[in-house]
């Protein structure tokens with residue numbers, strides 16, 4: 001077991017201002033960045049604000065930016081850094097800061113409310129649902145999401161353009177739309193909700209330019225862009241931009 | 001004293017894990033305006049950590065499975081100390097609660113014919129756990145969260161406000177349950193009036209007035225050093241109930257999960273799901289021997305395999321073979337590992353080996369146990385498809401909790417207070433089976449929410465009045481850590497982090513997995529010292545998102561709960577389930593029908609003023625109701641003889 | 001170019017009011033600029049090369065090989081290729097290089113391809129240059145408006161690309177002849193063409209639109225087992241879409257260059273049999 005002193009720069013402050021503060025702190029074998037932040041709290045900065053919970057990469061609370069990259073602090077092992085490196089930890093830069101490493105992620109909860117919920121199929125009671133594994137695989141991948149909001153943070157559509165936040169739901173919630181659209185028993189269509197069309201018209205799918213940063217930062221390894229966003233774009237094309245599909249559906253509707 | 005913002009609600013749910021959210025959904029659907037308060041962000045509750053699945057006798061994997069079999073397994077697992085009525089309701093209602101989740105959008109893994117797939121788990125006779133890979137807890141939380149959002153969308157359509165009937169106050173902590181005192185409502189009333197809470201982000205205090213409060217705060221693991229529990233598990237609900245005058249039940253029963261990670265130190269305690277064993281993982285000592293065959297207790301002899309060959313056949317053909325002893329209930333496995341390590345046959349870092357790498361192809365491991373693979377790879381740099389894991393016991397769950405009425409989940413002695421989930425006691429007896437916690441959350445969360453709503457909306461009851469003096473007392477208590485230095489008490493201000501670490505060490509060493517009388521007495525002394533020092537726990541900075549302050553406030557709860565565990569453990573002179581006494585190693589049938597109840601020794605308000613060295617908890621014994629004959633009839637006589645006292649058998 | 005842009009002070013980005021007060025546009029310490037720089041260099045090199053070759057209107061046929069840039073050849077001014085991909089649809093009025101007529105389609109396919117979009121948005125448009133690196137643009141509307149909303153026609157270019165790939169397959173078959181158009185022969189060029197056509201097909205089939213059309217649009221795979229398997233197959237290829245995009249870009253340029261070298265007499269195609 002070996003330990004060493006690491007140099008850290010941690011952003012401290014609140015909405016009124018702040019800056020990077022230097023720390024020198026002990027690091028032991030096998031530790032992750034969150035351990036170091038906790039050690040800072042216990043020994044040098046008891047009021048250092050940080051959000052965390054499970055410390056096992058399952059709850060998605062301890063999102064921050066480490067050396068400029070959006071990551072979970074609990075899943076960033078210290079061994080990936082050179083011992084001589086200075087490690088910079090800042091709050092997520094895509095959201096308003098609350099204090100130190102804690103940001104206001106309310107944007108995400110607001111967007112969650114804008115996606116129409118799962119609509120249960122009429123005529124099927126509890127216990128009568130039958131779904132095949134191959135039909136639920138796709139949505140299950142998206143349901144692995146731990147809502148760490150790293151994708152929402154890194155997506156340049158809103159990270160670099162605050163004004164887009166009203167029009168754009170962000171990768172996490174576009175993926176939620178895809179999840180529901182691919183759910184084998186979702187009956188939203190029967191209630192007049194066209195999820196793929198809504199993705200384009202109401203949730204801002206068109207803003208996505210598929211540059212894949214959401215996929216790059218996802219700690220769960222969900223292939224957000226390839227499996228959710230692009231398929232959703234293709235489904236939106238079916239509804240809005242493809243005259244052949246439009247014609248086909250017209251003809252099919254006429255001959256039931 | 002600053003004016004504290006007050007809001008009126010019908011039902012306040014404290015905690016937003018599985019039980020809390022299920023309770024909130026039920027209360028809102030029954031027409032009660034419901035507020036949920038949680039310490040973390042909405043959707044981050046500790047429930048996400050549950051991996052294995054939800055136990056429910058749906059009979060999808062084995063048609064012989066019924067609620068009666070599930071009930072039997074639960075009682076056996078709990079060594080017959082369970083509130084049998086709770087175990088009965090739980091086994092009966094669990095399937096409906098799981099199916100209901102599907103109608104809210106949950107996507108469980110499927111069987112070939114499209115039903116919910118069910119997997120094997122320790123202590124369950126049939127494959128019974130509905131699951132989604134090894135992230136079932138996440139699916140449960142997300143489904144309930146999304147159902148809440150769906151209800152809010154409904155309210156938005158009707159009222160224009162998402163939060164008009166159901167609101168989540170996230171990142172807020174409740175420090176007191178407020179009651180209608182003699183100076184509040186009528187002189188005779190002593191019922192719940194609401195909660196006092198602070199917003200972690202701003203440090204602002206607020207009061208939610210409500211006739212009914214549901215506690216769903218989870219467990220107490222953060223009082224122990226090695227634990228699978230998150231920082232939220234500081235026993236808040238247990239302490240709030242005590243302070244409100246409700247008793248806690250059987251707090252000596254703390255489950256140590258047999259397989260927590262032991263290396264590296266920073267992840268010590270993090271859980272390795274039981275499905276690793278359910279899917280074929282085996283435990284070995286440093287010599288490579290499968291030692292669990294040596295640890296099958298007499299009461300389980302007929303149910304478990306005696307040879308490796310038979311055990312291995314069981315995975316393919318469970319109907320004609322007995323199950324491997326790795327799948328014994330958790331308490332047995334934890335004790336076995338503890339004994340192996342003590343005997344010097346442990347792994348390099350003080351655990352034993354849990355091996356799947358030699359039992360399944362790498363590809364199968366990655367498919368069946370994706371998040372375990374991920375967890376070891378990312379956190380410990382161990383490839384579980386190539387080498388064995390090192391595991392050891394970790395504090396996981398408290399079976400004890402608030403004493404509640406079985407049917408209504410109402411806390412005893414405090415009208416308007418309800419409890420569900422881990423914070424409630426009784427359901428699991430002395431030891432909980434894996435998979436029974438998620439179903440417990442759903443079954444009793446729903447019951448608590450429904451009965452709380454019924455209670456709150458009862459037109460015969462007037463809305464409670466909460467006196468300003470109570471609110472002021474609660475604010476003063478919450479602000480204490482900021483003025484610890486200036487109060488001029490004996491000694492310098494204490495660092496709350498240091499006190500917390502010492503508390504965890506004390507509980508782990510002296511009231512841990514194997515208990516001895518002398519050590520527990522020593523623990524009570526240390527707890528008294530820590531209580532004195534905790535009163536001087538001071539913090540720097542201001543109230544805005546200040547973790548030092550939050551911890552200083554949580555210490556009160558952890559100290560109260562720790563004392564309950566230590567006192568009850570000292571009192572119970574037998575070994576049963578999650579309570580193992582080295583000086584009383586056998587299970588004693590005479591203790592089978594004895595419950596230990598903890599109550600606050602003095603009036604709640606005196607907590608701050610009294611002599612902190614004096615114990616705060618009073619312990620009483622209570623005899624349980626006899627098990628209903630039709631339920632007893634589900635068991636063979638020979639089995640009952642092992643558990644029940646003579647007079648119980650022949651009644 | 002991506003690497004050189006200094007982000008301007010934008011009002012709505014990471015330096016906007018309520019965000020953590022950090023002035024640096026990014027705090028990344030790794031070589032984040034490398035990937036966009038390499039991408040930009042690679043794409044730029046191809047554009048230069050293909051522009052030269054497309055406008056050259058020469059050295060695109062060396063029996064039995066026809067350059068993939070000039071196939072099918074649709075104008076009157078095409079070189080007659082024995083049983084080759086000549087189809088004089090445009091007649092005599094077309095005076096420019098015939099490559100330009102047909103290259104529109106593969107160009108459109110790649111320009112609207114989901115992978116290439118990522119590549120050039122990042123490397124040429126710096127939108128964003130790399131993850132969590134501030135982009136230099138004051139406003140951003142993505143693919144919501146003209147002209148970028150036209151990216152949604154990708155599937156039509158996919159259909160066209162299928163036809164072009166079909167013609168190139170025909171050309172590859174023709175490559176099994178010798179210089180005198182007798183069948184059953186192979187040269188080094190045949191191998192180059194085989195490798196190229198394999199990569200072209202793999203890239204074309206791995207297209208996201210293709211994945212959607214063969215099965216991705218379905219709600220219930222269990223009711224369409226054949227399409228489900230097709231979707232799985234395309235999905236596996238699709239996971240390699242980026243690699244295939246680059247490999248096929250390189251191979252098509254190489255195939256053309258090979259024809260150029262042989263046609264311009266730099267060397268003779270080594271014949272195997």
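Using N, Cα and C of the backbone, Cβ positions are placed for all residues, glycine too.
TrEMBL: automatically predicted annotations, no manual curation.
Looking at the stretches C:120-140, C:183-203, the one that TrEMBL records under the feature transmembrane segment is C:183-203.
Annotated range for transmembrane segment in TrEMBL, selecting from C:93-116, C:213-236: C:93-116. The transmembrane segment (C:32-52) shares more Cβ pairs under 8 Å with C:244-267 than with any other stretch in the list C:93-116, C:156-177, C:183-203, C:244-267. With a cut-off of 8 Å between Cβ atoms, the residues of this chain six or more beyond the transmembrane segment (C:244-267) that come close are 42, 46, 49-50, 53, 58-62, 65-69, 106, 110, 113, 115-116, 119, 188-189, 192-193, 195-196, 199-200, 202-203, 206, 237.
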